[in-house]
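These features come from TrEMBL:
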BINDING   82, 87, 164, 169  Zn(2+) binding site
């Protein structure tokens, strides 16, 4: 029997505090609009479409932050089952292995346990979301020219969390009764990145049959 989401995704299982939008800002209003559409039961393919008159970079920014929060929460739920012993590499089955590279502490692609990889990934994304030069929050400050390229990289790496969770920890997700919620989150993510061509199709192969 499925547990309520409040039990499954409890605050003590999250990696870090959720990123929020400041009330009164345009992105806060966009976030509320997106959440209202999700809760209304509309077709997810329509939910992800850019609202008329809205800026595409604002729309992408809102969703990147929201997906970061949701995927961070999902992994936090299974992280107790994801140890260096159970998951010595960040992978998606035998065919797909992901190595960490950030150009700073890890200048070359480096094989890491999944838990270590996830921690580095969430820190890496959080630092970019908090960077005013990438995600400006002040009115009138434009997005950088490479904003969408940065978001593509973030979303591509977040996809790897879905891959690892689905292939290596789905039994744990099912035992907690959370599979329907995670499936919905993945569909929302998939339709969004497809709508705006934010990930190369080849990147999606591990979960596309």
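Glycine is no exception: its Cβ is also placed from the backbone N, Cα and C atoms.
Those TrEMBL annotations? Automatic predictions, nothing curated.
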Exercise for review: Could you tell me which of these binding-site residues, 164, 169, has the fewest other Cβ atoms within 10 Å of its Cβ?
Suggested key: 169
Review point. How many other Cβ atoms are found within 10 Å of the Cβ atom of residue 87 (Zn(2+) binding site), counting all protein chains shown?
Key: 19
Check your understanding: Once the chains shown are all counted, how many other Cβ atoms turn up within 10 Å of the Cβ of residue 82 (Zn(2+) binding site)?
Key -> 21
Check your understanding: Given the Zn(2+) site residues 82, 87, 164, 169, which other residues of that chain have a Cβ within 8 Å of the mean position of their Cβ atoms, reported in sequence order?
Key -> 75, 78, 79, 81, 86, 114, 115, 165, 168
